[in-house]
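Scroll down for the structure; my scribbles are underneath it.
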Amino acid sequence: MSAALLPDPISVTVRAPAKINIYLGVGKVRPDGFHPLETVYQAVSLYDDVTVTDAEEWSVSTIADGVHVEVREVPDDDSNIAIRAGKALVAHHRLDDRAAAIQINKGIPVAGGMAGGSADAAATLVALDRLWSLGTADEELLAIGAELGSDVPFALVGGTATGTGRGEVVTPVEDNGSWWWVVVFSDDGLSTPSVYGAYDLLEGGDHDYRIRPQMLEALRAPANGEHLQVFLYNDLEDAAFYLRPDLQAVAEAALECQASYALLSGSGPTMLALAADADSARAIAGRLAERGYDRTAVVHGPVAGAHVVAYG
Ligand code: C5P
C-alpha cells in the first residue's frame, strides 16, 4: 500500500535519549544571561518515551519506568516543557485550534543534568509532527527546539555532536566507539542556574575552553581505547562540587572502583564513570553498590536521537 493510502495515526510514540557532556567548556556569561559553551554531547541509552494523541485541550501526564526515576517534580500543567513544545509547533504552523494529550514515560532522571526535559520537548515535536502529518523541515524543528532549551536540538539529533553558542548549535561528529558509562544518580536535584551562578563566582570563564581537535580524533578512531579519558572534562565541576561536596566523593569512589575516569554530567548532580567495556561497567556498578552508591545505571553511547517507536 502506498504511504498516501495509510490512515492518519491515532497516536504516535517517540523515544528520545538522555545526553551526557563528555566535554563541557564554559566561557564568560553573556549579556542575555547564558554562557557561551563548547561542548561534546553524547546520547546514551536512557530514554523518555512520549505518546501524543489528538485532544480538545492540552494536557500532560508522567509515569516512570526508569528504576531510579521519580516523577514528583515534573509539572502537570502548561509549564511542562512538552506542552510548551507542542504549543510552539502549533504556533509555527499557525494551527491554533490544535491540541494534544501528552503522556511521558520517564527513564531519564529528573533534574539530573541529563536533559530529560529537553528529551521530552524533542520527542513531543517529532511526535506531533507525525501525528498531524505536518512535514516540518529538520532545520525548523531544530530552530523551534533551540527556543525551548539549549539542549533540545541535540536531543533531536542524537549520536555524538559538538554544541556551541549556548549549546543549541549542534554539529554531528564521527564517533566509531561504543562507550560504556556507569551513571550515578543523586537523591537531590541541582538547579542548572545555581550551578552556572556558582561558576561565575568561582571561575568566571576567563580561559581557553575550546574543544581540542585531538578529542574528536579519539572519538573517530577509538581503537586507541584509553585515549578518550584524557579529554573528558567539565568546567562546571568545581561549581557543582562547591554546592554539593558529596559529589566529589562519588568521583573518588568511582576511580577507586576502577573507572577509567569520573566526571560530572552537565550541570549535575548526576556523575559519570567511564568503563573499558560493558562487563567492566557492570563490575564498577557492583563495587559502587557495595559502597552504598546503589542508584546507578549502566549505559552506552552513542545512540539515536528522537525517533518514532510506535504508531497507534
Ligand atoms: O537553555 P536552558 O533552559 O536549558 O537553560 C537553563 C538555565 O541554565 C538558563 O536559564 C541559564 O541560567 C543556564 N544556562 C547558561 N548557559 C547556557 C545554558 C544554560 O547559563 N549555555
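Backbone N, Cα and C define each Cβ position, glycine as well.
Heads up, TrEMBL stuff is auto-annotated, nobody curated it.
Some features that TrEMBL has for this protein:
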type	residues	note
ACT_SITE	Lys19	active site
DOMAIN	81-159	domain 'GHMP kinase N-terminal'
BINDING	Pro109, Val110, Ala111, Gly112, Gly113, Met114, Ala115, Gly116, Gly117, Ser118, Ala119	ATP binding site
ACT_SITE	Asp151	active site
DOMAIN	215-293	domain 'GHMP kinase C-terminal'
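Neighbouring residues of the recorded ATP site, listed in sequence order and excluding Pro109, Val110, Ala111, Gly112, Gly113, Met114, Ala115, Gly116, Gly117, Ser118, Ala119, comprise Ala18, Ile108 (Cβ within 8 Å of the Cβ centroid). Using a 10 Å radius centred on the Cβ of Ala111 (ATP binding site) and all shown protein chains, the other Cβ atoms total 20.
With a cut-off of 8 Å between CB atoms and residues at least 6 apart in sequence, the same chain places Leu190, Thr192, Leu264, Ser265, Gly266, Ser267, Gly268, Pro269, Thr270 near Gly113 (ATP binding site), listed in sequence order. The two recorded residues Ala111 (ATP binding site) and Lys19 (active site) have their Cα atoms spaced 13 Å from each other. Taking the C-alpha atom of Asp151 (active site) as reference, the shortest distance to any of the binding-site residues Pro109, Ala115, Gly117 belongs to Ala115.
Gly117 (ATP binding site) is surrounded by 25 other CB atoms, counting those within 10 A of its CB over all protein chains shown. On a Cα basis, Lys19 (active site) lies 6 Å away from Ala115 (ATP binding site).
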